[in-house]
Structure formats: C-alpha cells, structure tokens
Amino acid sequence: MKITRIALAAAVMTAGAAQAAEVTPAEVQFDEYGAVEVSLSGAEGNPENGAAIMTSRGKGNCIACHAVTALNDAPFHGEVGPTLDGVGEYRTAEELRGIVANAKMTFEGSVMPAFYKTSGFIRPGNAYTGKAAKEEDLTPILSAQEIEDVVAYLLTLKES
Amino acid sequence: MNNKAMTAIAAMLIAAGPMAVAGGADDDKLVINGEIEMISKAAAPDHLDGALDEVISGWHFRTDETQSLEIDDFDNPAMLFVDQAIDAYDVVEGEAGESCASCHEGVENFAGLTAKMPKIDEDGKLVVMEDLINECRTERMQADEWKWSGNDMQSMVALISLQSRGMPMDVAIDGAAAPYWEQGKEMYYTRYGQLELSCANCHEDNYGNYIRADHLSQGQTNGFPTYRLKQAKLISKHNRFRGCIRDTRAETFAEGSDEFRALELYVASRGNGLSVETPAVRQ
C-alpha cells in the first residue's frame with residue numbers, strides 16, 4: 001500500500017518535471033541560422049522511434065520527399081527534398097532540431113512543412129479530413145519528444 | 001468489349017506494382033486510335049511569365065501501362081461512361097418533355113466548346129461545363145439537377161468534351177474574365193493548410209519529381225474528367241482540387257464553389273495550347 005503510494009507520487013513528480021522542461025511550439029527559440037539549442041522535450045531522443053516516425057504516413061512521412069538509403073525497407077522515397085544520407089555528419093543536433101521544428105527558419109520559403117508549429121496557417125484543416133480545424137491552435141504534426149526522436153535518428157546517418 | 005477492357009485493366013494493375021521510374025516527363029508521342037495526334041507538349045502561354053518553359057500533359061508522367069489505356073478508345077475504361085452519356089443524351093426527362101438531343105441535335109454540335117471553358121456567360125458570370133449542363137436540366141428540361149461529381153454529370157461532361165478532343169485549349173482570361181483569373185491565380189500560389197503547400201509548390205516547382213509513390217505532373221486539367229484507376233470512375237476537376245487541398249491538411253473549398261470556378265479558369269489557362277485530351281486515364 002505504502003509502496004504504491006510512493007511510486008504514484010514519484011510518477012506524478014516526473015510527469016510534472018517533464019512538463020516543466022518541455023518547450024511549447026510558441027516558445028521555441030531559433031537562432032539567426034534557424035538552429036534550436038535545447039531539447040524540446042527536455043529528454044534524449046530515441047533513434048529507433050525516430051526512424052519509425054520518418055516512414056509513417058500519419059507522422060513525419062519524411063520519405064515522401066527525402067530518400068534515405070538506410071530506410072530502404074519502406075517503399076517509395078521522394079525526390080522533392082535532398083537525400084538525407086550523411087546528414088548526421090555535416091549537421092549538428094541543434095541545426096537538425098531547428099530544421100525539423102520549422103525548416104522555414106533555416107531555408108526561407110522552403111516547401112518542407114513545419115512539424116512543430118501550431119498557428120499562423122491559411123485555412124487550417126482538421127488533419128486530412130478537408131474540414132476546418134476545430135481548435136484555434138492546431139496540434140503540432142510531431143510532439144516535442146517525436147522531434148527529438150527524429151533528430152536522434154538523423155544523427156545516426158553518418159556516411160553518404 | 002466491356003469485359004475485355006476490364007480484364008486488361010485488372011492485369012495491368014497487378015503488373016504495375018511498386019516500380020519507380022525516375023525522371024521527368026517522357027518523350028513518347030500521344031496519338032489516339034492511331035490517328036488523332038495530340039499536342040501534349042506546347043510552349044508555355046505568355047501569361048505564365050516564364051514560370052514554366054513548356055506546358056506538358058499529365059499523360060507524360062504516367063507509367064507506360066497507364067499511358068497505353070488512353071491511346072485506344074477500346075482500351076480506355078472511361079468510354080464505358082461516355083457510352084452511358086450517349087444514351088442519356090436522348091432521354092426525355094423533366095416537366096418540359098425535352099432531352100438534350102431535342103434542343104441541341106447531334107452531340108457533335110458541341111465541338112470546340114470545351115476548348116473555351118470556363119467562360120463568361122451573358123450575365124457576366126464565370127461558368128463551367130457543369131453549370132451549363134445543370135442550367136439546361138433545371139431551366140429548359142425542368143428536371144432535377146445533377147450532382148457535381150456524380151456519374152451522370154461527369155459522364156455528360158466527358159461526352160461533350162470528347163467532341164473537342166485534339167483541339168488546343170484556348171480559354172479567355174481578359175475582359176470580364178480577368179478578375180476571376182486573378183482570383184484563381186492568387187489561390188494557385190497560396191500556401192494552404194498545416195503543411196503550407198500551394199498548387200505551385202507541387203505542380204510548378206516540383207513536377208517531374210516523385211512525392212512518395214506519386215510522380216508529380218504539372219496538374220493540368222486538359223484531360224478532365226479523367227478516369228482514375230484507383231477509384232475506377234470519372235473524376236471531376238473540382239474533386240481533384242479538393243483532394244489536393246485536403247492533402248495539405250487544409251480546410252478545402254466545396255465542389256461547385258465560386259472559388260473552385262475561379263481556380264478552374266486559372267488552371268485551364270495554364271494549359272492553353274495543349275490538346276483537349278478528355279477522357280484521360282490516370283493512376
């Protein structure tokens with residue numbers, strides 16, 4: 001009984017701590033080159049999860065536009081963006097975090113969507129229904145932790 | 001013929017499978033029934049101000065298998081719908097006791113109309129083919145109007161457009177059409193939705209590139225309504241626009257809305273010079 005209560009209290013505390021450390025989409029600080037210094041979730045990213053997000057249509061769907069040799073098990077890689085092979089070699093975690101959160105801060109006018117942005121859209125929809133969004137502020141396409149997971153995965157792409 | 005065409009399609013769908021053919025538009029020649037030479041590539045109209053050098057039919061971005069279905073009317077699955085419209089053309093419907101044929105006589109009298117659509121009507125309003133057809137149905141036949149993207153409507157649009165097949169698109173964008181054209185142009189370059197993508201981002205900046213499994217074309221409308229293999233039916237222009245906007249995680253516009261009429265005029269004008277290709281076949 002006592003143990004459960006302590007465990008519960010601990011769980012509540014960690015949840016609280018994680019929340020305090022999470023940077024909301026409105027709070028993200030981009031430097032003048034579009035890079036983001038601190039982890040958005042306050043935690044480490046999980047590269048395996050990152051790979052899954054990159055190939056999942058409902059999540060990042062990054063391979064719709066980018067080819068990644070290491071993800072060749074997933075069919076159909078796009079050609080709209082550059083290949084991401086070797087990107088972990090020449091880009092830092094901070095640069096990659098900024099690009100995934102909002103690529104337009106790094107590449108002006110980029111066609112790459114902003115994955116951690118919730119307002120300022122024209123006719124925002126309710127996901128892929130074609131109907132109007134229900135809330136004023138949308139849910140970002142990826143969560144803070146999912147962005148960190150994708151960044152962790154990109155950093156594993158060392159050789160081109 | 002019906003059965004044979006259907007089996008051929010089924011076989012092709014299986015054979016097509018996952019297969020990526022890299023590169024932009026191909027150099028094949030589009031000749032239909034071995035005799036109608038189509039203009040499937042043309043110098044871009046002046047109003048594009050150099051945004052494109054050449055305008056290219058969506059046919060050039062499809063696989064050989066899909067392409068082959070369009071070059072012979074016996075293989076073209078859209079012709080089943082055209083046949084239905086040929087029958088419907090003679091059917092008397094509505095309180096006035098009229099059919100299309102009782103006013104217009106042979107459907108071949110519509111040759112040339114689609115090359116000029118959308119256009120401005122006597123009241124100065126922009127109208128598209130679906131408007132003209134529904135106006136006949138409700139006012140002259142006193143029959144029910146047809147649903148915008150329904151089979152009856154799109155089959156009739158296809159039959160009428162087929163009468164202009166091979167003629168170059170030549171829609172007017174000046175005079176009373178100018179404000180609608182401007183509105184459509186504005187829409188074409190607006191980055192809609194949570195993905196913040198405009199028509200131009202995909203169909204002007206990236207045609208020829210793959211976006212996942214799709215080989216991006218210039219998004220031309222000269223083949224509409226097109227028979228889409230995935231949906232096994234005729235797809236209207238407005239339905240295609242709606243799908244493309246929905247895919248940007250945006251709130252789309254309604255089929256038959258004034259916004260889509262304006263966009264239809266603008267997109268049609270980007271294809272000025274390309275042959276009317278209706279009914280085209282797409283994946």
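Glycine is treated like the rest: Cβ placed from N, Cα and C.
These come from TrEMBL:
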- B:1-22: signal peptide (SIGNAL)
- B:CYS100, B:CYS103, B:HIS104, B:CYS136: heme c 1 binding site (BINDING)
- B:CYS199, B:CYS202, B:HIS203, B:CYS244: heme c 2 binding site (BINDING)
- B:ARG240: substrate binding site (BINDING)
- B:CYS244: active site, cysteine persulfide intermediate (ACT_SITE)
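Of all residue pairs in the heme c 2-binding list (B:CYS199, B:CYS202, B:HIS203, B:CYS244), the one with the greatest Cα separation is 11 Å apart. Packing around B:CYS103 (heme c 1 binding site) is summarised by its Cβ count: 11 other Cβ atoms lie within 10 angstroms of its Cβ, all protein chains included. For B:CYS199 (heme c 2 binding site), the same-chain residues that are 6 or more apart in sequence and have a Cβ closer than 8 Å to its Cβ are B:MET187, B:TYR188, B:TYR189, B:GLY219, B:CYS244, B:VAL267.
For B:HIS203 (heme c 2 binding site), the spatially nearest entry among the binding-site residues B:CYS100, B:CYS103, B:HIS104, B:CYS136, B:ARG240 is B:ARG240, judged by CA separation. All protein chains considered, the CB of B:ARG240 (substrate binding site) has 20 other CB atoms within 10 Å.
Cβ neighbours within 10 Å of B:CYS202 (heme c 2 binding site), excluding its own Cβ and spanning all shown chains: 22.
Cβ neighbour count for B:HIS203 (heme c 2 binding site) (all protein chains, 10 Å cutoff from its Cβ): 20.
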